[in-house]
């Protein structure tokens, strides 16, 4: 699944995912716009509306029974209640391969003990 | 030509051009320390608070200077009252380009030199409240603080007040600058409270290069701070200038050794901190101790500050940039060191305990206790009263967003991507 969240909540999301035992994830900084009010900034005589806001994008691959706990963890970590909290997109994955061992699908996203 | 210059100096009434030249340079050096401090602090906070942190120091250049001209200078340096000066020099009345009584430089230059100390001292306290205090209330706080805490303490130790009358030796500001800012920072951190993420998340310095360059520029400016505190360009200036190199160098060495012993790595942020701690410790002692004494003081000063900086983050006290450890404890170490190791053979001024003057140490210790208690108490009250009129902190949401955007409507590292020009309606 893919989640777009506020950068200032990224650490809370990481913490919540850790508590939910979700281990495999990637995160990246992105810029985007999801309907929140524009921020106005002024530099000398130049006034600008910041259309794009800094966001953090999480990519998490989990097996089916982990989907709901993961959604809940991200929502708990990312929610402030104001416009701009972000989105969670749940997508089907066709195939997963663990590069090191060649394991596929569910085995590939199960953490090694 | 030489005759002409001599005649000009005589006509100006006791003004020495050599002394004046050095004091002009020193004043400019000290003024540079405030933006240097802003850079140092900005490197130590998260990137979303860079500009706000820097602006807290820049703000001091504005509000504290104005307060100093209006009445601060008068409180500090008018007359010989034991606690505060008078109001005769308010709005710089009676202060002109003529000679400052007792000195060989113009009175106006003395005002500006002393102003530069008050400015950086107020800015120092920002280290305790960065990343959560609102900008407006902080400006108000600095203005009031410079008049209620800095100016009276400067008067007591330099302006003929009771500490001066009892022979307390404070070369360049152990009392009004270092201990006052350190213990005020302690109180400010308590009143304003910890950052919302403190103790939960790692709040890391975002740019160690800023911290190192800021510390380096502070050290550079400190040659004017200590060297200029001789108020002449003679031997006192040379001794304090030399000691301003030796003490921070020794602290730097000690800090690197402590870092290596503790974690097997010499850290850059640690080195930046060490420079500040060493310069702070030598501040009250610069013109009173021998060069070897300065080396010893530098080594010694590393220990309490280092220990406190390691211990403090494990507590609930979010004194974010460790003003108390660096300036408070460094100042205490320096002032007490003068009580032991002041050397009349070097300074021509006074001896400490080991050179035979046992009485000095007691008064140095009294200066420590009174200054720390007053700075802490007064700052606590100022901020509590200010909190009755306005919120001291930004909202939790703004704290998350960062104070650059919420307080100033700017970002330190803007890319311009997604920025849409707002066209002003043409009239």
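Here the Cβ of each residue, glycine as well, is placed from N, Cα and C on the backbone.
Caution: TrEMBL annotation is automatic and unverified by curators.
Given the ranges B:80-98, B:137-155, the record in TrEMBL names B:137-155 as transmembrane segment.
Matching B:54-76, B:399-421 against TrEMBL, the residues noted as transmembrane segment span B:54-76. Taken together, the residues of the domain 'Ammonium transporter AmtB-like' (B:21-413) have an average pLDDT of 97. The transmembrane segment (B:207-225) makes contact with the transmembrane segment (B:237-261), as judged by at least three Cβ pairs under 8 Å among residues 6 or more apart in sequence.
In this chain, the transmembrane segment (B:175-195) touches the transmembrane segment (B:323-343); three or more CB pairs sit within less than 8 A of each other, excluding pairs fewer than 6 residues apart. Among residues of the same chain six or more beyond the transmembrane segment (B:363-387), those with a C-beta under 8 A of the stretch's C-beta atoms are 125, 137, 140-141, 144-145, 148-149, 153, 157, 163, 166-170, 174-176, 179-184, 186-188, 190-192, 328, 332, 335-336, 338-339. Highest Cβ pair count under 8 Å relative to the transmembrane segment (B:137-155), across stretches B:20-42, B:54-76, B:175-195, B:292-311: B:54-76. Residues 117, 120-122, 124-125, 127-129, 131-133, 141, 145, 149-150, 153-154, 156-158, 163, 168, 203, 280, 283-284, 316-320, 323-332, 334-335, 367-368, 371-373, 375-380, 383-384, 387, 392-393, 399 of the same chain lie 6 or more positions beyond the ends of the transmembrane segment (B:175-195) yet place their CB under 8 Å from a CB of it.
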